[in-house]
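See below for the structure under consideration.
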Amino acid sequence: MRRSWKMALSGGLRCCRRMLAWVPVLVIVLVVLWSYYAYVFELCVVTVANTIEKVIYLTVYHALFAFFIWTYWKSIFTLPHQPHQKFFMSYGDKERYENEERPEVQKQMLLDIAKKLPVYTRTGNGAVRFCDRCHLIKPDRCHHCSVCSMCVLKMDHHCPWVNNCIGFSNYKFFLQFLAYSVLYCLYIAATVFQYFIKYWVGDLPNTRSKFHVLFLLFVACMFFVSLMILFGYHCWLLSRNKTTLEAFSAPVFLNGPDKNGFNLGFIKNFQQVFGENKKLWLLPIGSSPGDGHSFPMRSMNESQNPLLANEEHWEDNEEDGRDFPESSSSLTIEMET
């Protein structure tokens, strides 16, 4: 009875936490809905007198608004990608690992698993990265998200404003969302400014629209500044082929930390997120190359990184039944929490 009561309480707390996580998204949605009303009705319909000007304002505005909403939707509802099943411990291995009390045997068990996987990055101690919560060998650039309670491929960060983890599956959509948000705010500020001045100096009558127009400019400028800083930072990360986590803690390879380990040059870095098809660069349609488990790296001397001596690439071999290539390097395995 007592146990069931505790389980019910724990489940209720988790439900409340999930509901509260949507509060930042709700705030953004309410602000956007108000901005739509204020711009379309209070500015364009009520305040702007010139018909041609109204048509131009509304046409451009709705185009930006559509892309803004589309990319925001994709950022929120595109689920983070988890590692392939091959990176997870099997049920039998998991049982043996948890029941084993000798650390050296546990390390050997993990070593046997890691030999079959394309892992090139290490922990700060030089060990293969292992998640003891998901029970998997972490692919390169994969990290455990405590909010999502799972490991996320090429995790960048968990964003409360989209209530989602930003990673390999949706980083392109998140960048597009920031870009269209900046353009959305800039366009509103630029077109509202002249009417803001007219209301301010008294050239327009003091009506209900005055409050909406004045406040619309203030909100647009405030969000533009904050979003521009965030967008600029992620543009810098994109140009260096880094994630937010890698910017704070450089990835560690067998030859040590290398903050530019995945930096291939600006063009290739850009294509790692947006793909090579230029027609899809502006559209929130998935075009990032690869599967999120392995990424091109700067050329390294094979003597510095023995793993690179093996030129075979890991593939999903469930269909043809082939085994994974084994690395000949000797790896020290430690758990990374």
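Yeah, the Cβs are placed from backbone N, Cα and C, and that goes for glycine too.
Caution: TrEMBL annotation is automatic and unverified by curators.
Per TrEMBL, compositional bias 'Polar residues' is recorded for 326-337.
The domain 'Palmitoyltransferase DHHC' annotation in TrEMBL covers 129-248.
Here TrEMBL flags 306-337 as region 'Disordered'.
Taken from TrEMBL, the feature transmembrane segment covers 20-39 (among others). Outside the transmembrane segment (20-39) by six or more residues, the chain places 61, 65, 68-69, 72, 76, 147, 160-163, 188, 192, 212-213, 215-216, 219-220 with a CB less than 8 A from a CB of the stretch.
Residues or ranges marked as transmembrane segment in TrEMBL: 55-73 (among others). Beyond the ends of the transmembrane segment (55-73), by six or more residues, the same chain brings 28, 32, 36, 39-40, 43-44, 48, 162, 173, 176-177, 180-181, 183-184, 187-188, 191, 282, 284 to within a C-beta distance below 8 angstroms of the stretch.
What TrEMBL lists as transmembrane segment is 177-201 (among others).
Per TrEMBL, the feature transmembrane segment maps to 213-233 (among others).
Secondary structure of the domain 'Palmitoyltransferase DHHC' (129-248) per DSSP (helix as H, G, I; strand as E, B; remaining residues coil): 69 helix, 16 strand, 35 coil. Confidence for the domain 'Palmitoyltransferase DHHC' (129-248), expressed as mean pLDDT, is 95.
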